[in-house]
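Enquirer: I'd like to ask you about the structure that follows.
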Ligand code: FAD
């Protein structure tokens with residue numbers, strides 16, 4: 001048995017970041033992780049392996065479609081799937097190993113195994129019970145299921161199975177046009193699969209800016225993804241090496257079926273809290289299974305806190321990380337805080353999509369007066385040079401005060417460019433502040449400045 005100031009359960013981006021910050025602030029800290037490697041969903045079966053496959057297949061797409069245009073001649077590369085998987089595994093290994101290194105460097109103890117909480121102040125792993133003044137649950141999430149579509153991780157897969165398919169499917173059905181479905185759908189479309197995305201709503205990426213939704217759908221359709229929107233999947237049957245999906249169109253009630261080699265169920269994720277003993281302890285959960293916390297991440301049981309995908313809010317690695325830092329600071333007697341109004345969301349398709357703050361739709365519903373500055377990447381020299389002139393930056397500011405309320409980008413490096421506006425928003429900047437800031441030429445970021453100019457007296461290159 002060992003005693004700690006803090007035991008964190010789960011070494012995903014929420015848990016490992018919390019532990020490192022707590023150790024840096026002087027708390028004797030341990031992390032319990034049930035997986036073989038650190039890094040949680042994000043590093044092992046989420047953000048990182050998906051970005052490795054997106055990078056590899058984007059490179060293939062460039063070689064097949066754009067190299068020749070730039071005078072780079074010769075046969076386009078062929079795909080060695082096993083080697084691509086090995087590259088993905090190597091990227092994951094470097095990153096999970098990096099967290100192990102950081103734990104050693106910061107003197108965070110890694111307790112291997114699955115944890116339960118027999119009582120406040122106690123964490124049980126195997127036969128050992130460790131004690132801690134504070135316990136932070138960062139147990140993350142798992143893929144949500146869909147009635148009638150049973151995931152076997154062979155033919156009908158979750159995102160975890162989709163990252164490690166034995167072979168590239170000829171036909172892939174993706175259920176759900178959210179971030180994960182579109183990213184992995186793009187990967188397999190670029191690898192030559194015929195990809196059909198079936199979505200219950202009438203639009204892809206529900207909740208995003210409507211202009212972005214339309215533009216992304218049009219661009220992805222040009223890249224070969226088929227979309228069936230407004231359709232409810234009724235069930236799936238598997239047969240030798242494939243599956244047949246049945247779906248019903250919401251508007252007409254017409255029933256259809258689709259036979260494919262692989263089905264990816266990408267209908268969202270749900271909190272993972274099984275085995276922790278929360279029922280017995282009496283930790284309050286929401287009807288959606290999220291651990292309920294106050295604004296300082298405290299559950300209803302004294303000394304037990306929760307962060308990341310296991311609690312309410314967007315299921316994003318950086319949200320979990322920020323909560324990890326905030327709770328570590330709170331436990332160390334500081335004033336930890338997360339600004340939930342300024343959490344960016346990114347889709348790593350080509351082009352990338354990024355957004356932060358309010359959408360026009362939300363502001364209309366609120367009845368708030370706003371103005372929009374929109375700038376197309378067609379007017380951005382750098383974007384045209386890399387064949388990514390489609391897409392735009394749409395900056396939204398308060399009509400009276402000019403304070404920036406949000407930005408929605410679809411274009412090259414959108415996931416990096418969005419941070420300029422995150423910082424501006426954190427400082428309460430106006431669109432004029434961004435418009436008057438010198439931006440290097442030729443950069444994609446000039447499009448952000450042009451959108452800010454468009455919020456005022458007009459963009460230059462429009
Ligand atoms: P997790 O990362 O889920 O980690 C929780 C850890 O706790 C796990 O390792 C688990 O084994 C461990 N654990 C659980 N219970 C116990 C227990 N009882 N004892 C011991 N250990 C336990 N987010 C982004 O921001 N950007 C992206 O690009 C992105 N891409 C994604 C792609 C995919 C395919 C998926 C599936 C997710 C993606 N996400 C992305 C979401 C992101 O992975 C999650 O939001 C993030 O991992 C949540 O972090 P967490 O620390 O809350 O939980």
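Glycine too: its Cβ is placed from the backbone N, Cα and C atoms.
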Enquirer: Say TrEMBL lists 176, 177, 178, 179, 180, 181, 182, 183, 199 as binding NAD(+): which of 98, 268, 275 is in the same site, per that record?
Expert: 268
Enquirer: For the domain 'Pyridine nucleotide-disulphide oxidoreductase dimerisation' (343-452), how many residues does DSSP put in helix, in strand and in coil?
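Expert: In the domain 'Pyridine nucleotide-disulphide oxidoreductase dimerisation' (343-452), the DSSP-based counts are 40 helix, 33 strand, 37 coil.
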Enquirer: May I ask which residues of the same chain, at least 6 positions away in sequence, place their Cβ under 8 angstroms from the Cβ of residue 42 (disulfide bond)?
Expert: 12, 13, 48, 317, 320
Enquirer: Enumerate same-chain residues with a sequence separation of six or more from residue 47 (disulfide bond) and a Cβ-Cβ distance below 8 A; give 'none' if the list is empty.
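Expert: 317 - these are the non-local Cβ neighbours of residue 47 (disulfide bond), listed in sequence order.
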Enquirer: Report the recorded positions (42, 47, 441) that meet this criterion: Cβ distance to the nearest atom of ligand 1 under 6 Å. Use sequence order and write none if nothing qualifies.
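Expert: Close enough to ligand 1 are 42, 47.
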Enquirer: Give the number of CB atoms, excluding that of residue 441 (active site, proton acceptor) itself, located within 10 Å of its CB.
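Expert: By my count, 9.
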Enquirer: Can you give the mean pLDDT for the domain 'FAD/NAD(P)-binding' (4-324), rounded to a whole number?
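Expert: Over the domain 'FAD/NAD(P)-binding' (4-324), the predicted model scores a mean pLDDT of 97.
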